[in-house]
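Here TrEMBL flags B:20-38, B:45-65, B:71-93, B:144-169, B:198-218, B:278-297 as transmembrane segment.
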Amino acid sequence: MSKRLTHLAAAATIALAASGAGHAQEPITVGVQVPTTGSEATYGVDMKNAIQIAVDEINADGGLLGRQVEILVGDSACDPQQSVNAASKLASADVAGVVGGYCSGATLPTLKTYGDANIPFVITAANSTKLIPANPGNAFMINSTGYDQVRKAVDFFKSQGAKTLAIVDQGDAYSQDLANLTAKEWKKAGLEVTVQETVSKGEQSFSSLVTKIRSEGADAVFWTAYYADGGLLIRQLRQGGYQGIIAVGDGSNSPKLFEIAGRAADGVYCFSNPIAEFLPEAKQFIESYGNKYKGRSPGPYSTLSYDGMKLLGWAIEKAGSTDPDAVIDALASADGEAWLTGPISFTDKNTLARSNFIILKGEQGGWTLHSK
Amino acid sequence: MSLTDILIQQLVNGLVLGSFYALVALGYTMIFGVIKLLNFAHGDIYMVGAFVGFGALSLVSGTIGAGWMGIFVAMFVAMIAVGFLGVVIEQVAYRPMLSAPRLSILITALAVSLVLQNAALALTDGQVTAFRTDLGFGGVSLGAVFVNYTQIVLVASAIVLMIGLELFVSRTMYGKAMRAVSLDKDMCRLMGINVQRVIAVTFFAGSALAAAAGVMAGVQYGRIWYFMGFLIGLKAFTAAVIGGIGSITGAMLGGLILGLLEAFATQIPHIGGEWKDVFTFGVLILVLVFKPTGLLGKSEVERM
């Protein structure tokens, strides 16, 4: 009897060991949802690269739970339909979690996809406040939300002595949300919004809008959408003789803005999430990025994306498995875990518990830190 | 700004925009004139023109700079190269379809559009390319009205090109042949006119004009990308229809009307720029309902 039991136990141990060994060879797949094509592809590829660097570091340290990590990219193209396709692809590939999410408009519908599949989702860039009520509980936003940016923007325009404001957005969830919230806060302060306008994406000519802004009068213009069209608006504002303050939201903090806007971008302000080159902690990261991706600079969302991957890795280790519920619980329990962008902890709505916005100013074809 | 200033400024904005539309609309209308094809690839030809111009400017900017000199050289190169591209597209994609039902050739045109767009997407990785020049932001101020030098030169170049085209069509043998082919292809053939060559020349001229507009757009807006031809293609088509498709003067007029409509629509109180495309395409519908031949188009008796 006892002999048989021992045999059984031995067999079980061997089976367990075998299955354990099998697991050790099978890598953990992490989904990466970023736009790798379309007008926002620059940011998306930067984010993917940053996540790959984080994964390389994790793998060099022995992986997660003793397993190697690999990424699977879903191209959201900054488009709601394409991003849902990308999300379905990642969900059906049985990923242990998803990192990424750029363009709030394209991220919003994927919340449901990942929510239904119960996949932990670390959102590293998208920060529209519309994402907050739509979050089924599995998503965690590690970028400061639109509310933090609105407060920063309104305070800044007031400090510059602006009384009238023109706000231009692109009609997507992110930029419209930021525009509406800013308009609301601005009016609450007893000040006037003279022009609030939505332009269509890919629009080339803003000259008639510029004339409208000049004729209605605005001490400052706030562009809340992305750099590709933002550079164009800045250029045409200056071409059209507008001389007031111009500020752009965090969707426009790419250096590419300067290529498109040219000299017109000098003196433009930008409310930005923490960019690698302004973070002393990110020195090593910038170096490895430059070594691995020759000729590219990390871009604005790469530090957050790197942190997002590290955070997911930390949560999987803490949960001790890739069981979604355990990983989600572990993510929610983050208490000041810090990599490049500062301590990460979450509110009860899974948003970052602090504001991380800084103000940049365009000088000689690049951003410089204006104030923290 | 006083109301007069606003109106004058928007008039200027409308003229600049309208001259882009007109240049692209001309190609639509000429091609429709000779082979009755709505060449939906035309907007993408404009896009290719912008990229060829960008490449040419990068090449010559080292020696002659990226000022007006370099830009005109780049524009010339783009017009020639894209003109030939237009001819190649015609020979490869449209010529074998000329006797097929009109719907087949229309679908071929859509396919050509997608081919060009996706080739550009693949080559540029879908990224926006910055079109850098040495031009500044200086201009002329007339009271509160401000006109940029770049805008003045671009509108002037567009006018020169349009006058050139008008002279070509009205004064040269090929122009005469082109008009004849648009009236009656079979009769032309019987009269010994090389119809195939006339069609090729038409594609060359139309594509070259679109390329010029593409380079101008790059210069004016500083940014080019694979999808830039889509909206302008639709709008130029609208301009051509408003003016009367098949009519060259109509295309110019339609382009200007459309540009002005968009500019003034932005200024309408409480409605704003979000609605300008609604105005644009609303006008298209109205024209189609009330004057299907367009402002300057002649009604054509369908021969059975």
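Positions of Cβ are set from backbone N, Cα and C atoms, glycine also.
Take the transmembrane segment (B:198-218) and the stretches B:20-38, B:144-169, B:278-297: counting Cβ pairs under 8 Å, B:20-38 has the most. The list of residues near the transmembrane segment (B:71-93) in space but at least 6 beyond its ends in sequence, with Cβ under 8 angstroms from a Cβ of it, reads 41, 45, 48-50, 52-54, 56-57, 60, 64, 108-109, 111-112, 133, 135, 157, 199-200, 203-212, 214-216, 219. Taking Cβ pairs closer than 8 Å, the transmembrane segment (B:278-297) reaches residues 235, 238, 240-247, 249-250, 253-254, 257-258, 261-262, 265 in its own chain, all 6 or more past its ends. For the transmembrane segment (B:20-38), the list of distant contacts is 45-46, 94, 98, 102, 105-106, 109, 158, 161-162, 165, 178, 181-182, 198-199, 202-203, 205-207, 209-210, 212-213, 216-217, 232-233, 235-237, 239-240, 243, 245-248, 250-252, 254-256, 258-259: same-chain residues at least six beyond its ends, Cβ to Cβ under 8 Å.
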